[in-house]
Structures are given as structure tokens and as C-alpha cells.
Amino acid sequence: MDPEFGRGMAPRKREPWRTTLLLAYQSLGVVYGDLSISPLYVYKSTFAEDITHSESNEEIFGVLSFVFWTLTLIPLIKYVSIVLRADDNGEGGTFALYSLICRHANVSLLPNRQVADEELSTYKLEYPPEVANRSRIKEWLEKHKTLQTALLIMVMIGTCMVIGDGVLTPAISVFSAVSGLELSLSRDQHEYAVIPITCVILVFLFALQHYGTHRVGFLFAPIVLAWLICMSMLGLYNIIHWNPQVYRALNPYYMLKFLRKTKKSGWMSLGGILLCMTGSEAMFADLGHFSYSAIQLAFTTLVYPALILGYMGQAAYLSKHHTLNSTYQIGYYISVPESVRWPVLVLAILASVVGSQAIISGTFSIINQSQSLSCFPRVKVVHTSENIHGQIYIPEINWLLMVLCIAVTVGFRDTKHMGNASGLAVITVMLVTTCLTSLVIMLCWHRSPALALVFFLFFGSIEVLYFSASLIKFREGAWLPIMLALILMAVMFIWHHTTIKKYEFDLHNKVTLEWLLALGDKLGMVRVPGIGLVYTDLTSGVPANFSRFVTNLPAFHRVLVFVCVKSVPVPHVLPAERYLVGRVGPAGHRSYRCIVRYGYRDVHQDVDSFEAELVESLATFIKLDALYHRCSDAGSGSEQLDDGRYERENALTVIGTNPLRRCLSYEASHDGVSSVDAARSPNGIVEVPAAAAAAPVTKKVRFVVEAASPEVEKGVVEELQELCEAREAGTAFILGHSHVQTKPGSSLLKKLAVGVGYNFLRRNCRGPDVVLRVPPASLLEVGMVYVL
């Protein structure tokens, strides 16, 4: 394969082999837990249809052939060889693909995009200059809003199915592992033991989420490794002991014989066979925690061979046993020697818990990403580890998943219905990944549309075959993921659509800068001590909630900052590039604008560190702004404009959380002075010990203003002094409290979606103050009525 295939044509950075080995070992417990336990239920789900296990072995060999080639074509070739290369700055998953497409084609529906976002280190596009920048597909996507909405809906469908998989995978994994008790208990005991034990394990699993997995996470990789070795050894034993000729079933001809003999029943049984791919998407979704080479190494050298040996061993045993009691069905444990059945049962339960933990964590992660892109209602995100980035816990989602998992276990009570439901969720996510990867091949890798079409048709046809086999089982369990997806889709679309309309309403009703500057003592307006942080989604202008605030209370803070916390279509924003700071009006007005940018995988800061970094960024901006004007005035001669700073109101400067880091201005740099040197100028204006690279974050930022310095302008000293005094006086957070209603004459559907649906979600989900981590004692809410 072309070594430059993917990755935006950039060469892949090589890692030390020891690091790769360590990451490959650690990935076993995070990435491959779900995939490694699939042999527990694949054969059992497949033969749950009207397929007889005849003495000719055509059925079992046909199923084994399907399993082998499915594992080879989808996880090995599609994911490991191709999809893993479509990473977004090392991150994978559905939103990573969508983010790549949004950056290479103007199809993002995020409302407050800026040209400055394209200068982010993680945003920049890399492709050969000889590649044409325009393509017909790109032009179609950018021209038609309907196609952009369809693309977002497809991403939402994939997200909903991942969340649905978070409900179904723990249930089927733990239930299949515990069902091994059926070989050691009587029928009555089995019926009354397996379900309660499964429910107890699920409750225990979800109850532990609050404490995080970092304390026991070191056990995950050894458990999965032990399970893979155990499965391989049992597979080799069964092959050698029962049928060494089972390898002949790897011939794809057995797939054709299987379908010829079983006809419609064989096609429907594909819904059980596809479960062998369960967990393949995790290789891509968890790419950011490891590396491409580590995941590739672990799968090709250990996971893939172990799975093949496990499935071949089961087939070898079943090929010599055709008169199995229907009570036992054709499960995994029937092929395990009785002398080691109990240890294998315990190890399988542990492995199923590890696999379930991985999918639960993945569900939390994708909901957090959806929330960042305004596609999911606000929820409380708790970070369970200070050292491990991205390890999060969402309380309301956790308990909802637990209730649904237990309901699925108690309601279905068998592997067949759980497998049908889980299979449809899994294959739908894979179809979405195939469609998005095809677009990435054309738009991001700038490959031929023919190559993208070949990729789409080849893998898409395989997945559509499995999808049809799963969908036909709608009444036998497949209805559940569809129902969950429809509910989640309605929630996500209503929230996203209304959020966009609210932004458009704010944009249309914002007030002018002249109105803000006209607020003065003559109108009875009072400037009170302190810093006022006015939160808004707007990146320019004065929001309507502030005008409503001063209309009802004719006073605002001496230092006023309009804060816009926004998400950009990149996984991470470097701390040195997070803040965009500029003035609103002349310097004497003491009003600023600060745009805080986060990636869809970034962690929002707690209020103490955020407040400290924000004030620090303002101080650094004041220095750089003064230096800019000093150099500009020197370059333009003796002529000096009194309103020069007013002219730069629309100019925003990148201010990092560490002044020693690189700072950039989005205006042309014609002053010839390094911004790093400016941030470190020896005039003694600002001293910010809290931002030192190696120092811990403190809750206060102090400024030392040396008025005696001859290089310091008097106005800069006064401005910094006022900022220092305002910081000591305290900070108030001013947020809008929205009330949404529809316009008179709106359609019934709009009234239900916006007036009922959105308002219900808004009242019952977390408020913006919780998401922004605003302290209640410093919160001021301004009522805003949105007529949409």
C-alpha cells in the first residue's frame, strides 16, 4: 500500500519500538476487550435461526468461512489498513472524520466560524500544491445546504448507534459470559440464576464509573491478554483433538455452499455472523489514546490470530458433535473441556466486564463530543483522573445506560434477541464510517473519485448485505436500536436546530458598538468596581442580553469582557492558541472581547484556572497592543491618531496561557518585533507567576506595575492598574437565561419541536452555568426571550 495513503499526505512519525510495544500491550485492555469476547456469542446467535447442524458440516464450515473472511476484510483490511489512516491529528472516530471533511470543505454548520480558526496548528491543511483545490464533490457540498444537513444527519445516526451499542454491548457481553453456568446447573437453576447474576454485575459495573477506572485500569490489559491466550490454547486443543482438517473451511467456496443449502435462513443468519466484528470500530475511536502502529501491531500479531484460532477451535469441536441438546444450543462453553470450564468462565466474565467498560467510556466520550458541537443537550461532565486526559464520567448518562442495560437483559433474556439488536447498531456505525471515509479519500487525501467509489462499493456492499440481514429481524430484537436511534436523533436534531436558530436571533438583534460607547454618566450609567464577564455566542458586536441587562440595571463593571466560548472542528486546541483577545471600543472604555476556543475532545477548565488565565491574557494583550501602536506610530512618522486603538477594535490577537509561548496577531506583522520578545519585554509592566511553565496553577494572578519605567506609557500603566484593582474587587459572570417560543402562525411540527421539545430539554438538562463551571455566588442571569 502507498505509504502516503492518508494522513493528509504527511509522513508518519516513527515511534521507538519499545514505546510501540508498550502502547500495543495497553491497547488490549481499552481497544480490544469488546472484540475479543465476541466468540462467546457468535455461533450461538448464528444458529439461533432455522439452521440445522447437519453431519455434512456444510453449515458450521460455511459459518466459519464467513467469520474468517469477515474478520479479514473488515477489521484487518478496512480498519487497520485504511480507516486508521484517516485520523484527525491522531484522533479517530465518527467526529474525527466529520471534522476532517468540515475543514477541507466549507460544510460545517457551526454558526460562529472565524478565519482566525484556520490558523490553528491543528487546523492547518497539508496537501501537495499541485493538487487542485476544487473538486465537483466539494463544490456540491459547499453549494447545497441540504447536502450539508444530510451529512450532519448521517453523523448523528452513527453517534446514536454508538450510544445504542453502549446499551446493548454490556448486556450481551456479560449475559453471554454468565450463561456458561447453564452447563453446570439444572434448567430451573439456570433460569433463576443467570439473569440475576448478570444484573448484579451490570449494577456493579456502572456504580464504579463514578470513581473512574484509573485505579484498576492497569488490570485491563492483563485480563484481555490472558483471555486471548486462553482462547488460542483452547482453539488449538480443539483443532488438534477433534478435527485438524477444519482449516479447509477457510476456502470461500464454503460460503457459497452454505448459502445454497440454507437459502433465506442462511441469509438471515448473517445477522449473527456480523457480531464477530463487534468492537472493530473501537480501534478507530480510541486511536487518540494510542497510536496507529500500536493498534496495528496488537491486532495483526495477537488479536486477529487468537480470534481465528478461537473460532476454528469451536468449529472443529462442533464438526464432531451433531446431536447437542437444544437446551445447551451451540455456545462457546460447550467446546471448553469440563476440567477447565470454571476458570474459563471466571476469566470470560472478567473479560466481558473489561469490554463493557471500554464501550461505556466510549459512549461518554462521544456524547461529550456531540455536546461540544451543539448536537446534544448540556450534561455534566466529570473528569475522573487528573493525569489521564479524556477519562470522563457523565452521571445522568451513566445511570440511564444502567437502567436500559438491565431492561434489555431482563426483557430479552436470550442471546438471540440481544445479538439481533447489537448487530444492527454495529453494522450501522460501520456503514456511516464507510461513507465518511469515502469522502475523506476524495476531499482530504485528494485521491481519485474512482478510488473512493471502489472503496465505497467494495466495503459498502459487504456491510449492506449484513445490514439487510439484521434489519429483517426487526421484530426479533432489531427494533430496539432503531427506537433508541429515533429518540436520540429527535433530541439531537431539535437541540442543534434550535441552537442555530437562537444564534441567528442573537446575530440579528445584537446592538451596535456606538450604542455601547454612548453609555455614560450623562445617561445615569454607573461603572462599578470589578470585572464583568458577559457570555455570548457572538464573536462580534454587543449581545442583546447585555443591552437588556443595562436597561434593567443601569450599571456595569469597570472592566467589561465579552466572552465567547466556542468549539472549533479540531480535536484539540493548544493552550498557547486558546485565547483570542481584542478591544471593544477605545482603550479608555476598558471593554474587551475574549474568544475561548476548544476542540471537540478538549476538557473545559475549572473556573479558578479559567479566570486566572483570562485576566492574564488581558494583561498580555494590553502590553502587545501598546507595543503594536508604538511601532506603528514610529513607522508612520510623527503623525499619530487619537482613535488608533479604536480602529483596531476588530483585530484579535492570540494570547497563550503562558506568555513565554508563541503569540500571533491576525493582522499583518509589519512592526518587525517578535511577539515572543514583546511578551517578555524588560519594561516590567506585568509579572504573571501563575503562568510559569513548570509552576502549578494558582487561583490568583498578581500584577506588578512599575510606573517609574521610562518605556511604559502612562495610559498602559493606568489600564493595567485598573485591571489589577478590578481583579481584586471580584468577578461577575453574566449569562443569558433563555425562554424560547415560536412565532405566531408557526406550523404544528415547529411548535412541538421548539416550543415543547426544546423547552423540555432545556428545563430538564444542565444549564450553561454548570457546563461553564460558573460559581453560583458570582452568577448573574439575564432573561432573554427568543421568538423563533
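A Cβ is built for glycine as well, from the same backbone N, Cα and C atoms used for every other residue.
On a predicted model such as this, the values are computed, not experimentally measured, just so you know.
Considering Asn133, Asn368, Asn420, the record held by Swiss-Prot lists Asn420, annotated as N-linked glycosylation site.
Thr52 and Glu476 share a topological domain name in Swiss-Prot and therefore face the same side of the membrane. Residue-level annotations in Swiss-Prot identify, among Asn325, Asn545, Asn325 as N-linked glycosylation site.
Between the transmembrane segment (477-497) and the stretches 22-42, 152-172, 216-236, 423-443, the greatest number of Cβ pairs separated by less than 8 Å involves 152-172.
Under a cutoff of 8 A between CB atoms, and with a sequence separation of 6+ in the same chain, the neighbours of Asn420 (N-linked glycosylation site) are Ser45, Gly271, Gly272, Ser470, Lys473, Glu476, Gly477, Ala478.
Tertiary neighbourhood of the topological domain 'Extracellular' (237-264): same-chain residues 51, 58-66, 68-69, 309, 312-317, 319-320, 335, 337, selected by CB-CB distance under 8 Å and a gap of 6+ residues from either end. Looking just at the topological domain 'Cytoplasmic' (444-451), the mean pLDDT is 89. Beyond its flanks by at least six residues, the transmembrane segment (60-80) meets 35, 42-43, 46-47, 53, 246, 248-255, 257-259, 261-262, 266, 269-270, 273-274, 276-277, 280-281, 283-284, 295-296, 299-300, 304, 307-308, 311-312, 315, 318-319, 430, 434, 459, 462-463 of its own chain at Cβ-Cβ distances under 8 Å. When the stretches 265-285, 293-313, 344-364, 392-412, 423-443 are ranked by Cβ pairs under 8 Å to the transmembrane segment (216-236), first place goes to 293-313.
Ranking 22-42, 192-212, 344-364, 392-412, 423-443 by CB pairs under 8 A with the transmembrane segment (152-172) puts 423-443 at the top.
Within the same chain, the transmembrane segment (192-212) stays apart from the transmembrane segment (293-313): fewer than three Cβ pairs sit under 8 Å, each pair at least 6 residues apart.
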